[in-house]
Amino acid sequence: MKSGGRKNLKRAIEEDNFTIEQGQSIMQVVDLRGSNLIQVMDAKGENSLAIFPAKFQKSMWIKRGNFVVVDESGREEAVESGRKVGCVVTKVLYFEQVRVLQKSAEWPEIFKSIAVESSKQDIVSQIEEDEDSSDDDGLPPLESNTNRVNPFQMATESDSDSDS
């Protein structure tokens, strides 16, 4: 996937026929380090730092557990030279793309169990939230604000004063 910047980014995202090229691999986001650095885990279970390019920052958002396609062509060189960052994110995978890739042979075995467990946990948590939802949510009742004078109370007090 070669895109010319933000201009063609949306068109590239909607691309259905996606294949992993030579030197690219699927990785899972482990941690967001700040600015444009993210920590990713590869198919072997090794963690490394990757750059999240500026062209993605205002149009795509990632969080822990998301899957990304990373260009790791310079990873060995970076490790040998002592640099900490060895990968560059080339594509953020969305839910539909992850589901399609899970059925293909390109999807790493280590992520198959993680994706299944996370989807089961999401379903279980949604069911529990639906069952536990109530109006009170276990909170105590709200106290009245003593800093404001209630106009309704003032009107009833003046009516009772005029009656006597």
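Glycine residues also receive a Cβ, built from the backbone N, Cα and C atoms like all the rest.
Those TrEMBL annotations? Automatic predictions, nothing curated.
In the domain 'S1-like' (9-93), helix, strand and coil residues by DSSP number 16 helix, 35 strand, 34 coil. Taken from TrEMBL, the feature domain 'S1-like' applies to 9-93.
Among the features that TrEMBL reports, region 'Disordered' is placed at 121-164.
Residues or ranges marked as compositional bias 'Acidic residues' in TrEMBL: 127-138.
Here TrEMBL flags 143-157 as compositional bias 'Polar residues'.
Predicted-model confidence for the domain 'S1-like' (9-93) is 84, expressed as mean pLDDT.
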